[in-house]
Amino acid sequence: MKKTEMGRFNISPDEDSSSYSSNSDFNYSYPTKQAALKSHYADVDPENQNFLLESNLGKKKYETDFHPGTTSFGMSVFNLSNAIVGSGILGLSYAMANTGIALFIILLTFVSIFSLYSVHLLLKTANEGGSLLYEQLGHKAYGLAGKLAASGSITMQNIGAMSSYLFIVKYELPLVIKALMNIEDTNGLWYLNGDYLVLLVSLVLILPLSLLRNLGYLGYTSGLSLLCMIFFLIVVICKKFQIPCPVEAALVANETVNGTFTQAALALAFNSTADDACRPRYFIFNSQTVYAVPILTFSFVCHPAVLPIYEELKSRSRRRMMNVSKISFFAMFLMYLLAALFGYLTFYGHVESELLHTYSEIVGTDILLLVVRLAVLVAVTLTVPVVIFPIRSSVTHLLCPTKEFSWLRHSIITVTILSFTNLLVIFVPTIRDIFGFIGASAAAMLIFILPSAFYIKLVKKEPMRSVQKIGALCFLLSGIVVMIGSMGLIVLDWVHDASAAGGH
């Protein structure tokens, strides 16, 4: 069968992907996290590897000979798990504290199942549509509008991820410096100001790495991120059995040691009972409950990485890739559940939007937590340049796809992206707002709306009245409801907070 015929080869729903997926000439990997840096076009300028493919995909530049996948099943599971896990895990205890244990587990189960279903839709659409690139599926389905929707959603998600990483630097680096230098009085010290430190880290470390034309070895830092999060989970579980309940006692002790015995600490110490403080709640509804679904969707986004991982899978087939996805999603489901549960059962109603920061408020300085902070800081700092790379390339090929590489343009785009992200981190009040907004918008698009919309448009052999198409349509509508509903409630919460702040 000729290569030109492969894109029109339709596999049956029951086939494993047969000759089509095993003989695809889809040789381009979308660079997301670790997969981003394993391009098959080593001889092509990295900035010319088209992250946002144009309509001229037939050019020889993107045609290579067929290559079989070389990544083992186990390593594919690791890569996909690595693509799923991220900074969102730090906000899950906050989500549980504002939904209750039972409601959180229900929401976590539904979001994980829906995310897995969208992977199924995406894989089937890729086979039927003849592309292993997310943006190109959008272009084939809806032309320029579809391509821009996919590219815009991926870019927003990446900017959200970058912002959350820099928020971690803003929250945690001052605490690390304070602990290492044994500083108690933090008034007026610029090097303990999170905003200054974010700018300094961005200028001294992140910007030089981001200006590289080929990030190469930094691709392995995404694996470091997964290991750091596993270490973080182990520490969260251990600390549950070391921190007393109610945590008010530890909070007051910490406040007393630091010489800042605040009115809030006094109120917590004397106006709550141990029974109330240490009793888990199973269903909670308050103004912060609305952030639960966006935080969960933000935590499960991995879909731009699914197709390149599928392409690299040894003996690749759709069924085999779905098995990879099921194992990865189940592993992350357990990891997220344990992190959220033990974080919540440690602090109950005192959980902050970034769990690691909660420990410093309640426990104070701790060697084990200091090691966790250092590991997480190193991981997120080295991951930011990896995330910038596909954003910059998408912008470059959107604005000037035919121009030769220019260091000036390369530098301006990089500085602009990093500056914009720094402004978000400095002026957005909390990481919760990043999780909420990106989770309700870009993550909802990538999980719910785009895979189902592409499936409905590109899978021609199934009529609209078929069970599969009706299911995809319902999935699409549910995604629209989730996005509009979550965004609306989040905006209302922002307005309420602004009004309350103005009233004082």
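Using N, Cα and C of the backbone, Cβ positions are placed for all residues, glycine too.
What Swiss-Prot lists as Na(+) binding site is ASN82, THR383. Counting Cβ atoms from all protein chains shown, THR383 (Na(+) binding site) has 23 others lying within 10 Å of its own Cβ.
Annotation source Swiss-Prot lists disulfide bond at CYS245-CYS278, citing sequence analysis.
Here Swiss-Prot flags ASN254 (among others) as N-linked glycosylation site, drawing on sequence analysis.
According to Swiss-Prot, the N-linked glycosylation site annotation covers ASN258 (among others).
Swiss-Prot lists SER12 (among others) with the feature phosphoserine.
The annotation phosphoserine is assigned in Swiss-Prot to SER21 (among others).
Under the heading phosphoserine, Swiss-Prot lists SER22 (among others).
The annotation phosphoserine is assigned in Swiss-Prot to SER55 (among others) on the grounds of a large-scale study or a structure entry.
The annotation region 'Disordered' is assigned in Swiss-Prot to 1-23.
Taken from Swiss-Prot, the feature region 'Regulates protein turnover upon amino acid deprivation' covers 1-96.
Taken from Swiss-Prot, the feature topological domain 'Cytoplasmic' applies to 1-76 (among others).
The topological domain 'Extracellular' annotation in Swiss-Prot covers 97-102 (among others) and is backed by similarity to another entry. Counting residues of the topological domain 'Extracellular' (97-102) by DSSP class, helix then strand then coil, yields 3 helix, 0 strand, 3 coil.
Here Swiss-Prot flags 124-158 (among others) as topological domain 'Cytoplasmic'.
Positions annotated as topological domain 'Extracellular' by Swiss-Prot: 178-188 (among others).
According to Swiss-Prot, the topological domain 'Cytoplasmic' annotation covers 210-217 (among others).
The topological domain 'Extracellular' annotation in Swiss-Prot covers 239-289 (among others).
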Given 103-123, 327-347, 369-389, 434-454, the one sharing the most C-beta pairs under 8 Å with the transmembrane segment (159-177) is 369-389
May I ask which residues of the same chain, at least 6 positions away in sequence, place their Cβ under 8 angstroms from the Cβ of CYS278 (disulfide bond)? CYS245, PRO246, TYR348
If you count CB pairs under 8 A between the transmembrane segment (327-347) and each of 77-96, 411-431, 470-492, the winner is 77-96
Using a 10 angstroms cut-off on Cβ to Cβ distances, just flag whichever of ASN82, CYS245 is the loneliest among these recorded positions. CYS245
Over the span of the region 'Regulates protein turnover upon amino acid deprivation' (1-96), how high is the average pLDDT in this prediction? 54
With CB pairs under 8 Å as the measure, which of the listed stretches 103-123, 290-310, 411-431 comes out on top against the transmembrane segment (77-96)? 290-310
Which listed stretch (103-123, 411-431, 470-492) has the most C-beta pairs under 8 A with the transmembrane segment (290-310)? 103-123
By DSSP, how many residues in the topological domain 'Cytoplasmic' (311-326) are helix, how many strand, and how many coil? 11 helix, 1 strand, 4 coil
